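Student: According to TrEMBL, the protein carries these features:
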- 26-51: transmembrane segment (TRANSMEM)
- 233-253: transmembrane segment (TRANSMEM)
- 260-278: transmembrane segment (TRANSMEM)
- 316-337: transmembrane segment (TRANSMEM)
- 357-381: transmembrane segment (TRANSMEM)
- 454-481: transmembrane segment (TRANSMEM)
- 502-524: transmembrane segment (TRANSMEM)
- 602-623: transmembrane segment (TRANSMEM)
- 644-664: transmembrane segment (TRANSMEM)
Amino acid sequence: MDQQPGKGEPRKFDPKFRGPIHNRHCTDVLCCVIFIVVILGYIALGILAWVHGDPRKVVYPTDSYGQFCGQKDTINENKTSLFYFNILKCASPVVLINLQCPTTQLCVSECPDRFATYIDMQGSYRHNKSYWEYYRQFCKPGFNKPWKSVAQVIRDEDCPSMIIPSRPFLKRCFPDFSTKNGILTVANQTTFKDGRGKTRNVTDLREAANGINNVLDARSVGMKIFEDYASSWHWILIGLFIAMVVSLLFLVLLRFTAGVLFWIFILGVIGIIGYGIWHCYEEYDRLQGTPGSDLTIYDIGFQTDFRVYLQLRQTWLAFMIILCIVEVFIILMLIFLRNRIRIAIALLQEGSRAIGYIMSTLFYPIITFVLIAICISYWAVTAVFLSTSGEPVYKVMANQTLCKYANLTCDPETFNTTNVTKLCVGAQCTFAFYGGEGFYHKYIFIFQLSNAFVFLWLVNFAIALGQCTLAGAFASYYWAFRKPADIPTCPLFSSFGRAIRYHTGSLAFGSLILAIVQLIRIMLEYLDHKLKGTQNSFTRFLLCCLKCCFWCLEKFIKFINRNAYIMIAIYGKNFCTSAKEAFFLLMRNVVRVAVLDKVTDFLLFLGKLLVAGGVGVLAFFFFTHRIPVFTQETPTLNYYWVPLLTVIIGSYLIAHGFFSVYAMCVDTLFLCFCEDLERNDGSTAKPYYMSASLHRILGKKELSPKKAMG
């Protein structure tokens, strides 16, 4: 037995141990079986949803008769927009989109383009029947009695009492709101006739207009953003390609000049932030004395044109303060951790050497991305089909708040024969939503919850599979006594095969625990959203504490799972045993964990910032026409920040993908190193497996002669 003084439990030396290849057997078989059964059930759930669901219910709006607007091969094929008889009854655009407005909804071929009332139409009908021909397209199908009294038409809702100029949005006719000299107008008019003998101001529509204008402004911004992407997408791809090349070059050069490169990169990040501080100060100073620049962000409120904020001194002052805080924080970190950084660089050099021998690991994140994309696609499609399952449900929509039949289900075919219309004048049986009373429809919510839970489980499994595969490949490198001669052929492929063949159950077990915690967090967020308006302080405090606790629990489980997968890749034991051994191994080396592992993560994060920041600065100068050589090629944009943010975020994600492999490599080498120290003592009988350079930098004085020569 090899006892490490002061480090807890003794470790047994296994003379037959040769790294992560030999002595494998299936682990956590029961969880593997459950996982396979759940996947089969998930497939069955998807088939069930696809049989009952109908995505057309999402794509097409539905009128009061439960018919789709604009659907091919139907009577409404050419009627693509949904028209509301009396939009004044609708509280907000959200009500309109959810089809819960207590007024008749009709599919029309085009939205009204003029002001008109049924009374005016009747007056003009005697002289010119064309008025009726235009007005009747907004009446119920088959209605052809323009002489019917206005009171009866309004009571039966055969036709709208009025029509106002509208434009389609989300395939629904919304009033054509606009502002003229700060005054709300509809088609440049401030008043309109309501068809009941009154002249009303368009401000009566203000409650709906406020929300609709925001939506329409968002649509305008969205169209401009789409135009920017259409004209700059190839330059965005070039920027992302540059980020990929820089990330690859960074990882390759680390093998030879890790120390120099990292200090250059750290100084580069400091320099980029320093340039940002200088630029913010220049803009802050330039705007001094400019009319309107001393206004606060609170004064101007929310603006869809974000360039307005850049004309305020307060905006640049806030940017400058934030960048100064970040700059000071980074400098202090470098001062206090300078010696630890030197040790971290040693591990990075060893990790770069390992990746140099197993270059295929750099591209494994693509497999993880594909698996997660498949999970997301399947979950989204299944969720849509589940949400569109069911038959049309009709409810009584009454104008009177005291109507006892309001919101009760009804049958549109027999509704007119009941006494509801007599007791509640103006009540209608209109389409409400899709649902049902059958077994399947009663448990739609449970199915949606199951869909979300299995989705989380599968995503976490895909991530766990990637971590275990990479850990097995890098462990093969570490436990090769003579590097690179003893590294097995195709270590990444072999590690992937071992993870799937022997440890699917263990990976599923760890993923299951994490998925349960994540589902609980989602439910807590849902409860927080529902109880946001409550005045119960204790409930809000308790919910906040629970959210905090489960957030910490999720982070802890992710940390334990990551290291458990490394131990599974090395020893091939079950999840619980691997998690326990990984935890106690880390606790026996807690100082090394803090110094090496976390500092390495910090340095890799700075590398991500440098890649994203460097490419972002290049993109900023390009899209703002500040590079003379490319002035002619630079596209004209509505918002230059659209492609700029896309390049910055995309560059960060690309760097994160490459560096995540690197971080996994360093974590695996670190755990292998700790295991190496506890198993071996550097003697001829029990030689260290670590490389000579790592052995030297980490402070071990003795090394077997054979290893030193190797």
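Each Cβ is built from the backbone N, Cα and C atoms, and glycine gets one as well.
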Student: Can you tell me which recorded stretch out of 316-337, 502-524, 644-664 has the most Cβ pairs within less than 8 Å of the transmembrane segment (260-278)?
Tutor: 316-337
Student: Between the transmembrane segment (502-524) and the transmembrane segment (26-51), are there at least three Cβ pairs closer than 8 Å, leaving out pairs fewer than 6 positions apart?
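Tutor: These two segments touch.
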Student: Tell me if the transmembrane segment (26-51) touches the transmembrane segment (602-623). I count contact as 3 or more CB pairs below 8 A, with pairs 6 or more residues apart.
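Tutor: Counting Cβ pairs under 8 Å, fewer than 3, so no.
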